[in-house]
4 protein chains.
Amino acid sequence: MCGVFGAFTQNGGPVLEDVYLGLYALQHRGQESAGVAWVDDNNAIRTQKGNGLVHLALDQEALAKIDTRCAIGHVRYSTAGGSDPRNIQPLTASNSRGSVAVAHNGNITNAEALKQYLENRGAIFHSLTDTEVLLHLMAHQPHKPMIDAFVDSLRRLKGAYSLVMILDGKLVAARDPWGFRPLVIGQRDRIIYVSSETCALDLVGAKALREVAPGEVVVIDKDEIKSIRIPVQTKCHYQCSFEYVYFARPDSILAGRSVYAVRKALGHCLAKRAPCLSANMVTGMPDSGTIASMGFAEGSTLPYEKAIVRNRYVGRTFINPTQRVRELGVRIKLNPIHDLIKDRKIVVIDDSIVRGTTSQRIIAMIRAGGAKEVHVRISSPPVCFPCYYGIDTPSRVELAAARMNIKELEKIIGADSLEYITVDDLVQAIGLPRNELCTACFTGEYMEGETQDELEL
Amino acid sequence: MCGVFGAFTQNGGPVLEDVYLGLYALQHRGQESAGVAWVDDNNAIRTQKGNGLVHLALDQEALAKIDTRCAIGHVRYSTAGGSDPRNIQPLTASNSRGSVAVAHNGNITNAEALKQYLENRGAIFHSLTDTEVLLHLMAHQPHKPMIDAFVDSLRRLKGAYSLVMILDGKLVAARDPWGFRPLVIGQRDRIIYVSSETCALDLVGAKALREVAPGEVVVIDKDEIKSIRIPVQTKCHYQCSFEYVYFARPDSILAGRSVYAVRKALGHCLAKRAPCLSANMVTGMPDSGTIASMGFAEGSTLPYEKAIVRNRYVGRTFINPTQRVRELGVRIKLNPIHDLIKDRKIVVIDDSIVRGTTSQRIIAMIRAGGAKEVHVRISSPPVCFPCYYGIDTPSRVELAAARMNIKELEKIIGADSLEYITVDDLVQAIGLPRNELCTACFTGEYMEGETQDELEL
Amino acid sequence: MCGVFGAFTQNGGPVLEDVYLGLYALQHRGQESAGVAWVDDNNAIRTQKGNGLVHLALDQEALAKIDTRCAIGHVRYSTAGGSDPRNIQPLTASNSRGSVAVAHNGNITNAEALKQYLENRGAIFHSLTDTEVLLHLMAHQPHKPMIDAFVDSLRRLKGAYSLVMILDGKLVAARDPWGFRPLVIGQRDRIIYVSSETCALDLVGAKALREVAPGEVVVIDKDEIKSIRIPVQTKCHYQCSFEYVYFARPDSILAGRSVYAVRKALGHCLAKRAPCLSANMVTGMPDSGTIASMGFAEGSTLPYEKAIVRNRYVGRTFINPTQRVRELGVRIKLNPIHDLIKDRKIVVIDDSIVRGTTSQRIIAMIRAGGAKEVHVRISSPPVCFPCYYGIDTPSRVELAAARMNIKELEKIIGADSLEYITVDDLVQAIGLPRNELCTACFTGEYMEGETQDELEL
Amino acid sequence: MCGVFGAFTQNGGPVLEDVYLGLYALQHRGQESAGVAWVDDNNAIRTQKGNGLVHLALDQEALAKIDTRCAIGHVRYSTAGGSDPRNIQPLTASNSRGSVAVAHNGNITNAEALKQYLENRGAIFHSLTDTEVLLHLMAHQPHKPMIDAFVDSLRRLKGAYSLVMILDGKLVAARDPWGFRPLVIGQRDRIIYVSSETCALDLVGAKALREVAPGEVVVIDKDEIKSIRIPVQTKCHYQCSFEYVYFARPDSILAGRSVYAVRKALGHCLAKRAPCLSANMVTGMPDSGTIASMGFAEGSTLPYEKAIVRNRYVGRTFINPTQRVRELGVRIKLNPIHDLIKDRKIVVIDDSIVRGTTSQRIIAMIRAGGAKEVHVRISSPPVCFPCYYGIDTPSRVELAAARMNIKELEKIIGADSLEYITVDDLVQAIGLPRNELCTACFTGEYMEGETQDELEL
Ligand SMILES: Nc1ncnc2c1ncn2[C@@H]1O[C@H](COP(=O)(O)OP(=O)(O)O)[C@@H](O)[C@H]1O
Ligand SMILES: Nc1ncnc2c1ncn2[C@@H]1O[C@H](COP(=O)(O)OP(=O)(O)O)[C@@H](O)[C@H]1O
Ligand SMILES: Nc1ncnc2c1ncn2[C@@H]1O[C@H](COP(=O)(O)OP(=O)(O)O)[C@@H](O)[C@H]1O
Ligand SMILES: Nc1ncnc2c1ncn2[C@@H]1O[C@H](COP(=O)(O)OP(=O)(O)O)[C@@H](O)[C@H]1O
Ligand code: SF4
Ligand code: SF4
Ligand code: SF4
Ligand code: SF4
Ligand SMILES: [Mg+2]
Ligand SMILES: [Mg+2]
Ligand SMILES: [Mg+2]
Ligand SMILES: [Mg+2]
């Protein structure tokens, strides 16, 4: 998971600082590194990049002073390529035709094959990112105008990409034909923005205009906002359903649906599908289970309490996994309120179970705090399949729900009961037609046409 | 506001890493700087200190490797003395008699006079902290055993101090005779801990034993836990009521009262004292208003929604107050969920109003989001007086509630209605006798005996 | 000017630390940045790089712990590309055929044309160095064995290159057919070294075996040291004569000639060619004029004094060119010993005059110190032409000796007399045949065949 | 050994940047840390300090922008107190009477006793420096004017101090009654400077006015330069003779004697006292033996060669003493020029032998380089006693010349012959009366009155 943001102004304004602030609002989509790129007075592309959170990686004060008409940015989720600075996006390339910078959310599933093909034609890869494939595809079509080389390159990509780019001094946004990751266009006066989520538009004071459609390329320059189709046919869309369940911020709107409202609905669903009449109280795993647990409380007759406190600094601070820290485990992050759980029967709602180890430890901690019963309810279906579209889910053998049935899992995590919603519940709570949504990590139904085509550049 | 933590072990163990983790749990009490001090093999005191959050200021990995039997730590709230490294606590001093390190939460009200007196006797002050006065008072009694010099020095201090110290290689805790700031003793196996709040004991897996009593000095060494009285008479106690309302973490227990439960009770109180029958919905200002708003919802018939989303990274990240950031104001930090507030009449609960500017901006933002009415309810009485006991409240002229009556304030912040609870409500919600609590910032009833006594060392 | 160093061991040993130390001995060849590359256990190439002096740019302690059989390093002279980390060498590239790292001393004169050609075939350049051209030339011959692609690429290069590379896990050294920059092979037990100068071999305790010949590629692996010819015909060699005059360290041996001995001989020459009988004393501009001035003293009847003291820290420390620093000028760096110069007639020897501004300021300072006469003697011919072979000499319009005759220059720098040696003197002092030496910056006789050939890959 | 520098201006000017530059010129007197202090607009004292060389420890650019009329600075030699930032000078103290900052070159021999005394009166020491004693002595006389408290405090100090201070907003310089360390006053227009050596006056373009006399306090304010006597009687002076031999820069003038000229004279002396007729050549250990070796060559009939090259970056760069570095030993630092030493009989001149290990290693290296004979001549008498006056000489048991006679030492270091000059030679070469010079490290004749007097403040 990553976040992208871009801004273009027709008549000046603090677009680079707005990109900084946009990334700050998208920080939940990636904490590993951050970067920005912008156009300087000579139409050359400049960058600033760094590891860690936005405010550590980038120098707000310096950026605020830079005058540019077009800028983009990226926050990167922790991935294998790790902390190598060459992997920090935006990636850039320039040659006599011009310069390009690209920020990418998603994962190109045929990147390995394309890389092989390009290396056989002399390409030298400098990063370990799948994104770099795009730059080489473009470079290997040197005699076309850049925008044509770009669209032609997209045609060869499989998988998920929501891109924000600087190209020919213009702001270009593109979304793969399946629409896996969100991408939305906003406006404030004469500045046009592109963002992964609407919450970042809110922060910079912009209004959401519309989403970039699956398969659309949007080119923003000083005269107009132009739309181009990527020449790829798809039978249906694959908008990621997990964005609603977990990734996106609750104050964002995706495909016209409020994430907050969807999470509430998931809680209602869960209360109907898997009530827990004997319990005294509902609580949510902070933060991802909070809203669904409020929905569950509303949908059942149980009172809702914020019974588990999450240390505010967790997730932004790096605690070394020393011997002592491993011993303390989940306490470092979470603390139940003893008064509330003592001698009570509790329903705990979370968004999902991945490996199951965290759930196990929290349940143990709640029991140690004196709870009589701990019932677990999950506001999504069991995650049984890896995601190849930009989420670092573990392989099947590590996915708890892929390795055992629910009863076994219930036992292993130590819950008095464990229940999930169904895929139908999920689709219904989201409110989009089923064939517009990706549910592959729940169902294994990946997008079609995964095989590598024979394409000659 | 600051946080202090200490640990002493009789038979080894990771006490220095536990102090690090304890500070991490107390991070909400101070983000300006952090420091630790410990005893090395030669009974000398070593320190590590730095600016910013615990994980930036201190090197967990290095600390985890250090073997010591006694260690203390401190997180400091932003104050005037600012980022000068000399002000970072623990402060230390050593001479032929031995070494001492001190971490202090509170504020000594007669520090200036004592400093004058000590300088006239040749003392050189190296920091700008009131805490250093204590070290010089002790040094100026060179012929007494250190613990006697310490207790005799405390006798001369007015105001608030919850101290954790290393003294003669022992762990010493002390709390002023009025009991302003909390201080609690915990235990895990053969390790004794002292902490500002119980939440930090929870994190390190310790059980709370009891509080350090107002006017008590506790000396912990390898043989025993000894208790000494500070020879000062007081008519009553002044435990800070604002700790319950705002400072302390909701999962802490102060003087036997759960902070969460008190906040819930404050919300119930407020619903009774100042209901808002016309509204459609209650929400809380995150995070400080959250629990009270849940109490308000329970106490009224209104549904509770988490309608305002706080950026998780705010408060841990420094955003430069550039022109653009000032323009965006509270958006940088908070975002209302548009779906929820559009065309609704909303009650917003917060813990307090200090200058009123933030309230004003949030109300405006909620209205801009389409809310029909915005009613504000505050879960404490109006703050009309400055605090001299360790909180950086502004002077009276800046306190909104000191400058105008509630109706005027309601108008200024732009609320459709504004209401508070009373001091009696507050005392009742806390559940301690009124003469055990400080309410000076609400009532102006400061502790007595504020005048400087003529003491000769 | 840059410095390169490499090491390969057949049976273990601290080769990476030796590369560090070799660079330390070559530090005078470049202070802008430093980098090392080595082969890890999986035959992958790892690097460490940084700006500034070797000890700041690299982490000796970390490198000393790494076990590798093959490593190279580079120190870079300040150039236009500046402090951008992407320009720090060794450059690396890897693909399915294997990995390559390259450290380059020299300058490829047809780099721009080759870059154009390669970009038209899809290459993306990541640095601003001429060196990267080589990597792309190799990558664009993907179906040849790497060593063949390498030699074939060298064939297309014009200009100066002394290269140390890791290629296929082997240590490869190469020197352009003209032999501009030095490159020497050394040995210590079973470790083979390649270095820009012999002084670095001395430091690591190695013996010089022989030079890499102009036009030779040397491939060092665990079985043998193999030699390949670059298939380019040249009529003569162009070993840089300025290395003797200025660049190389006095304790190095180039092409069998001791730099110290050559500098002494230049001083003797100068004493014969341009004596200064009326003077009382000879001194040298530290450090570059020192040895020649000792030779001059020997060759004349004048006493030698170290009359100008150079601040030891100059050149390793960055002094900001503030207003005040500009005002103080050369004083920041040099200080004449007043006792010695007062009322004396002085001969000052330097290696060369480039822009003339430094000479002017020093002469003024010596006069201000009370000298009666200041005669300047230069131990090389006038520098009238820019160097295109790896030295950042300014363009002709900035070269003092290109803009005016010697009498004019004498007047401008304020000398009582100014004299040079001739090109014949220089050649004779070096002791190599004239057609083995480059003297282009003195004579304008650049190597032939500068034009770009039409080569298809 | 340390260096101090101060500047006061009556009508503006870049005094703080000049202090920076002065320290840069005095860098050879201390590389461990550097610091500056200055007076701000409110007459408060501000400081900037850091570890390492001046350009790393201090921020020239920031200092250049600060406007102040009075500033001082200090470079510290590596000492036991090590890298603790609290030990970096200038030390400061302030109280209601005013502020003081002090930079100290020398060593107070009764510091321990005074510290004891002061701690018994309540003083808390914050650094491990002997210098801090002075600040407490002043603070313990709170009812006197500061300058009186200062002079009265000096009266109680034994040993060596050359001080530069800010006191009452004035620039104050003081030199102990014995005159151990140099201190000189200079002037440029309306700026008055105080410096350890004249070379720093040269750098800032100032003229030396006169030395601060032993036992003199100089007070510089906007109206005048006032002189006060320290009320201590001494029979003779103890100006450090080793400053001429080793510490001071050759371009400095101490007590009217040129350091360069003294070193030359020491070489002539040595040639007379201990000629070496069989040798072919003289060389000097760089850098400390260079000038004496030139004197030796002049005084004998032998030619002088710079046969040993010292890596320019040594001494400013930290090379970790890894296994490999220990193995390479002195090669890291020095390299003999093989052509020059091969089959020759060589005289090597150095300034002194302390532990003897370096000499041993260099002689071995020169022999390994092919020299037939290596004769060592030392331009000072044998160092047999530790220095208590500001030089970190090792204790007697570690001093080679204290543990054995010269013949034994000759054998241990592996020289074909080893000879020294006498104390009389030294005194004569310096040209000051014997009773004005300290020669204690050669003779053991320490200053008298070393015992602690009973002084009551
Ligand atoms: N500012 C915010 N306020 C509320 N929720 C947020 C905010 N930012 C991100 N989130 C939500 O936090 C959840 C992830 O946090 P959490 O569950 O605590 O971490 P994790 O499960 O990754 O350890 C996601 O569901 C995301 O929607
Ligand atoms: N881990 C935590 N979980 C919930 N609340 C917390 C936590 N840590 C601190 N708090 C509470 O947060 C409140 C302060 O946060 P907030 O209102 O967002 O900041 P402020 O009002 O200072 O801008 C306090 O009431 C404190 O009790
Ligand atoms: N360790 C060394 N000892 C003596 N000379 C050196 C050393 N390292 C480099 N040099 C010589 O120093 C000269 C360059 O120094 P210098 O003249 O002071 O600097 P510049 O002229 O570049 O300002 C070169 O001639 C080089 O050969
Ligand atoms: N800029 C300079 N030029 C020449 N000599 C210097 C300079 N700065 C310091 N010195 C001299 O260098 C000598 C110390 O250097 P060196 O002998 O190389 O180091 P050490 O003996 O401490 O290892 C001293 O005698 C000092 O006078
Ligand atoms: S597999 Fe799951 S996480 Fe991945 S895109 Fe599809 S729904 Fe989203
Ligand atoms: S004045 Fe207010 S904040 Fe201060 S201690 Fe008293 S109750 Fe607490
Ligand atoms: S032009 Fe001059 S500096 Fe350049 S290689 Fe030729 S001789 Fe050397
Ligand atoms: S003992 Fe030696 S080094 Fe110390 S002051 Fe005296 S002469 Fe100088
Ligand atoms: Mg979660
Ligand atoms: Mg708040
Ligand atoms: Mg030079
Ligand atoms: Mg020396």
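Glycine is no exception: its Cβ is also placed from the backbone N, Cα and C atoms.
Features as listed in TrEMBL:
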ACT_SITE  C:C2  active site, nucleophile
BINDING   C:C240, C:C387, C:C438, C:C441  [4Fe-4S] cluster binding site
BINDING   C:S288, C:D350, C:D351  Mg(2+) binding site
DOMAIN    C:2-223  domain 'Glutamine amidotransferase type-2'
Note to self: If I take the Cα of C:C387 ([4Fe-4S] cluster binding site) as reference, which of the recorded positions C:C2, C:S288, C:D350, C:D351 has the closest Cα?
What the structure shows: C:C2
Note to self: Counting only residues 6+ away in sequence within the same chain, which have a CB under 8 Å from the CB of C:D351 (Mg(2+) binding site)?
What the structure shows: C:V245, C:Y246, C:M285, C:S288, C:G289, C:A292, C:I378, C:S379, C:S380
Check: Among C:C2, C:S288, C:C387, C:C438, C:C441, the recorded positions in the record, which have a C-beta under 6 A from ligand 3?
Finding: C:S288
Checklist line | Sequence-ordered recorded positions from C:C2, C:S288, C:D350, C:D351, C:C438 with Cβ under 6 Å of an atom of ligand 7 | finding: C:C438
Next item on the list: Filter the recorded positions C:C2, C:C240, C:S288, C:C387, C:C438, C:C441: retain a residue only if its CB is under 8 A from a CB of chain B. Output in sequence order; output 'none' if empty.
Entry: none
Checklist line | C:D350 (Mg(2+) binding site) versus C:C2 (active site, nucleophile) - Cα distance in angstrom | finding: 22
Item checked: Assigned element (helix, strand, coil) containing C:C441 ([4Fe-4S] cluster binding site), judged by DSSP -> helix
Check: If you run the three-state DSSP split on C:C240 ([4Fe-4S] cluster binding site), which class comes out?
Finding: strand
Next item on the list: Around the Cβ of C:D350 (Mg(2+) binding site), how many other Cβ atoms lie within 10 Å? Please give the count over every shown protein chain.
Entry: 22
Checklist line | Cβ within 8 Å of the mean position of the Cβ atoms of C:C240, C:C387, C:C438, C:C441: remaining residues of the chain near [4Fe-4S] cluster | finding: C:F180, C:Y238, C:S241, C:F242, C:Y389, C:I391, C:T439, C:A440
Checklist line | Spatial separation of C:C438 ([4Fe-4S] cluster binding site) from C:D350 (Mg(2+) binding site) - C-alpha basis, Å | finding: 21
Checklist line | Mean of the pLDDT scores, which run from 0 to 100, over the domain 'Glutamine amidotransferase type-2' (C:2-223) | finding: 95
Checklist line | Proximal but sequence-remote residues of the same chain as C:C441 ([4Fe-4S] cluster binding site) (Cβ under 8 Å, at least 6 apart) | finding: C:F242, C:V383, C:C384, C:F385, C:P386, C:C387, C:I391, C:T393
Check: C:C2, C:C240, C:C387, C:C438: which of these recorded positions has the sparsest Cβ neighbourhood within 10 Å?
Finding: C:C387
Check: What does DSSP assign C:D351 (Mg(2+) binding site), in three states?
Finding: coil
Item checked: C:S288 (Mg(2+) binding site): tally of other CB atoms within 10 A of its CB -> 18
Next item on the list: Determine, for the Mg(2+) site, the additional residues of the same chain whose CB lies within 8 Å of the mean position of the CB atoms of C:S288, C:D350, C:D351; present them in sequence order.
Entry: C:V245, C:Y246, C:G284, C:M285, C:G289, C:A292, C:I349, C:S352, C:I378, C:S379
